[in-house]
């Protein structure tokens with residue numbers, strides 16, 4: 001292949017790449033950005049406001065500690081939304097096994113229940129470290145503690161858990177979940193009303 | 001076990017959706033690559049590029065165009081990620097180091113999307129959209145082009161011409177990938193996948209902490225990431241991140257998108273070679289391997305909850321609650337059976353047997369159904385090897401679709417199959433002999449070997465998923481894995497195009513009573529068996545020391 005034909009091939013490749021970059025790398029994402037303006041809530045991250053201040057995203061889990069809140073799943077990144085990721089520990093890891101059994105004892109003590117009653121999602125870190133959900137079982141387990149700490153009737157808290165339990169779409173797509181941030185926000189409002 | 005029935009229904013839903021799109025999309029793609037008319041927009045692209053779209057190319061010319069395009073793509077992407085600090089919308093991120101930039105450029109140009117960087121921590125919108133996502137389109141279009149050139153080689157007789165690379169590239173991008181991505185990006189957006197140019201939003205959480213919620217052009221990238229079987233996540237957690245994959249239905253949609261083009265391409269093949277039966281036969285062999293693996297992974301995740309997962313009560317470590325165990329398994333099998341490599345769960349936290357099967361999926365060579373284009377030409381190499389082996393057994397001259405499989409065709413096909421195992425095994429062995437690489441492993445013993453083997457398998461197969469734990473961002477691993485990705489992508493492409501040409505030049509041998517039928521169940525079984533046999537023979541020793549030892553230990 002001669003030098004001039006190499007140069008021509010290089011030129012063709014470069015020009016074609018640049019044109020396609022404009023179409024696929026600028027026009028395409030820009031078009032989707034425009035469509036996003038028609039559904040800003042979704043496009044901007046499903047943000048939740050409380051009395052006019054943004055308190056988080058319904059899709060991104062937050063850490064909650066203390067007796068007055070429902071607790072989320074363990075997180076490898078401590079719910080840092082700029083540091084998503086999993087523990088990546090192998091199931092054969094003795095560290096992981098110990099971590100899980102320690103956590104089981106700890107959760108059982110916090111919730112004052114039998115260790116065998118603690119569900120798996122309360123003991124395992126999610127893949128993103130930002131899982132916004134817990135299982136309805138884990139939410140019910142925490143109800144009594146939260147109700148006592150907030151001086152609310154247990155039935156009020158149980159009703160909130162039921163209200164925020166999301167069933168699988170069409171009955172089979174996904175698993176039943178409770179969004180922790182939404183539940184805690186509802187709890188805060190319920191406390192305000194009762195108080 | 002209560003999760004089993006809903007899980008099976010989810011799987012059936014994806015299969016049903018694939019069945020519905022199979023014919024229309026397959027037929028449409030066949031028209032795209034056979035029509036002689038050009039769209040007005042395409043003519044403009046050809047004019048700007050200085051391309052004659054109607055000029056046919058022989059295999060050397062086709063390959064030369066492909067390699068020039070790849071080289072220029074590599075250079076431009078390298079430049080973009082190196083100079084990130086000076087680009088707009090970069091959110092304060094700086095350029096990547098030379099070794100990481102090399103690794104990243106190779107990774108996206110080869111359709112691998114191995115990520116030695118962490119999405120939210122290292123790259124801004126410009127690199128993501130203008131650099132990485134463009135190659136998500138173009139590397140997939142290159143894969144399609146090679147597959148289509150091979151179809152033409154099998155369909156044509158007495159010619160050296162395989163089509164025009166530039167036309168195939170542009171049509172694959174503009175007529176197939178772009179419209180599909182646009183539609184599904186909007187669907188994902190409606191499902192909660194973000195699309196904005198905002199800097200991270202700082203919020204004071206209810207619990208009294210501070211959280212920075214990221215922005216980005218995620219929806220546009222998520223669609224092509226799956227459709228093009230690329231897999232490079234916008235965020236570090238990839239498709240486990242709620243902004244990439246907000247719900248169980250978006251999870252199923254993403255599984256569908258990964259499988260959509262590779263599956264429908266078997267129809268395109270059938271239409272273009274004039275025998276739809278052969279398209280069904282290839283799809284059936286792919287389906288046997290896929291379903292076999294899926295059953296194995298789901299069973300091991302539900303039943304074999306050993307060690308730490310037994311302590312927890314379910315295999316939920318490294319999984320998102322909204323997808324559940326089976327939704328995560330379906331995604332994991334699909335991402336390793338195609339060349340996607342996106343992850344919605346931590347593969348390193350899968351049960352030893354489940355995780356081992358994910359490695360096995362990739363060592364099969366990603367042919368069931370494989371990456372966009374690459375899965376198809378990979379499976380056709382297996383078909384040719386199967387014809388040869390079956391022909392030897394019954395004493396017939398091996399032929400496939402009326403084309404003789406002579407010594408030169410066999411050499412090309414065998415080499416194309418052997419590139420990947422050779423690259424993986426030699427690469428892993430070299431890496432293991434380096435103390436600095438051993439220091440990158442998170443643990444010793446079988447799991448450590450699996451981490452390193454997985455990285456090389458993932459790179460050579462252009463998959464890109466990681467069995468995290470391995471600290472892969474070191475100069476040695478960045479450079480080595482970059483080389484492995486290049487070899488694993490382009491040596492087979494060279495061999496496949498040479499083979500396509502040797503088929504195109506042949507006359508068609510008429511079918512006789514002595515011709516071995518290559519579309520019946522028996523031959524489908526032989527294809528699946530040969531695929532398993534090749535990978536078992538080449539990888540069993542290495543797998544025995546890694547995942548198998550771990551599962552038994």
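Here the Cβ of each residue, glycine as well, is placed from N, Cα and C on the backbone.
No curator has checked TrEMBL annotations; they are predicted automatically.
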Kindly point out the range from B:376-394, B:395-413, B:452-470 that TrEMBL annotates with transmembrane segment. B:376-394
Among the residue ranges B:130-152, B:153-175, B:176-198, I'd like the one that TrEMBL describes as transmembrane segment. B:176-198
Could you check whether the transmembrane segment (B:280-299) and the transmembrane segment (B:62-81) come into contact, where contact means at least 3 Cβ pairs under 8 Å with the two residues of each pair 6 or more apart in sequence? no
Please report, as numbers and ranges, the same-chain residues at least 6 past the borders of the transmembrane segment (B:253-273) whose CB is under 8 Å from any CB of it. 14, 17-18, 21-23, 25-27, 29-30, 33-34, 140, 144, 147-148, 151-152, 154-155, 176, 180, 184, 187-188, 191, 222-223, 226-229, 239, 245, 279-280, 282-283, 286, 330-331, 334-335, 338, 340, 342, 344, 369-373, 375-376, 401
For the transmembrane segment (B:415-434): best-contacting stretch of B:62-81, B:176-198, B:376-394, B:479-501, by Cβ pairs under 8 Å: B:479-501
Interface present between the transmembrane segment (B:62-81) and the transmembrane segment (B:376-394) (three or more C-beta pairs under 8 A): no
